[in-house]
Amino acid sequence: MIQFTKMHGLGNDFMVVDGVTQNVFFSPEQIRRLADRNFGIGFDQLLLVEPPYDPDLDFHYRIFNADGSEVEQCGNGARCFARFVRNKGLTNKNKIRVSTSSGKMTLRLERDGTVTVNMGVPILEPSLIPFKAKKPEKTYLLQTAQQTFLCGAASMGNPHCVLDVEDVASAAVAEIGALLTKHERFPRGVNVGFMQVINSGHIKLRVYERGAAETLACGTGACAAVVVGQIQGKLDQQVRVDLPGGTLTINWEGEGKPLWMTGPAQHVYDGQIQL
């Protein structure tokens, strides 16, 4: 039997598994079955906690989408990860250093129950996003058979394309998201953000995630939207980001600096399952 915990960050939900005290392995087929909301546990992503690969770090963790694919980064998952390792007694620290397949980051448990995550320095160089473009630009033209889109592009360890929309509530997120997430100019696929700027310190955002469709919240998507908005001269250093599942606060001092994301992480229940 495998012990697991169900958690969510603003409705972006996770199955979190302790791979430090348990010997666990998940095949893509098992992950897809567990992710099924009718026949399994149901989640957007599975988070697997592992011992650190580096003695200077506290943990390593792996992130799997509901379709079984492994991904590089997840902001909402990082907050749940921090709350999980503390709740399970795997650490007694309030400041936790971890690695994922995309790099290292620092997580800080706040007194009010929220978690602040150092999301790292955003990647704007197209070849590293990866995105097919000759040089970094504030905006890019993305052409499809149906229409042309104006977008910003950045990576937070995973690739993001951000579109500016007048009304996020009526945006065709499912249709446009499905169209752009596999666009040929993003060789590894892309998460697609739909950003409505309310004012320079406040945006509304919906995100169509690569491998998971639209989710209630996307932490890396919120960071990417703030980066793109700042670069385009629309946003301040600290921005409130309203997502369908709730609110995040993103702080970015500008190019070459890391982003800091603060938001909630909720425990739902503990369970055990036979694979």
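Including glycine, each Cβ sits where the backbone N, Cα and C put it.
What you are looking at is a predicted structure, and each value in this text was computed from that prediction instead of being measured.
Binding of substrate is attributed by Swiss-Prot to Gln45, Asn65, Gly75, Asn76, Asn158, Asn191, Glu209, Arg210, Gly219, Thr220, and the same site annotation extends, among Asn12, Asn118, to Asn12. Within the same chain, residues at least six positions away from Cys74 (active site, proton donor) with a Cβ under 8 Å of its Cβ are Gln45, Leu47, Ile63, Asn158, Gly219, Thr220.
Excluding the listed site residues Asn12, Gln45, Asn65, Gly75, Asn76, Asn158, Asn191, Glu209, Arg210, Gly219, Thr220, the same chain places Asp44, Val71, Gln73, Cys74, Gly77, Val207, Ala212, Thr215, Cys218, Gly221 with Cβ atoms within 8 Å of the centre of the substrate site Cβ atoms. In sequence order, His8, Gly9, Leu10, Asn12, Phe14, Ala217, Cys218, Gly219, Gly263, Ala265 make up the list of same-chain residues 6 or more apart from Asn76 (substrate binding site) whose Cβ falls under 8 Å from its Cβ.
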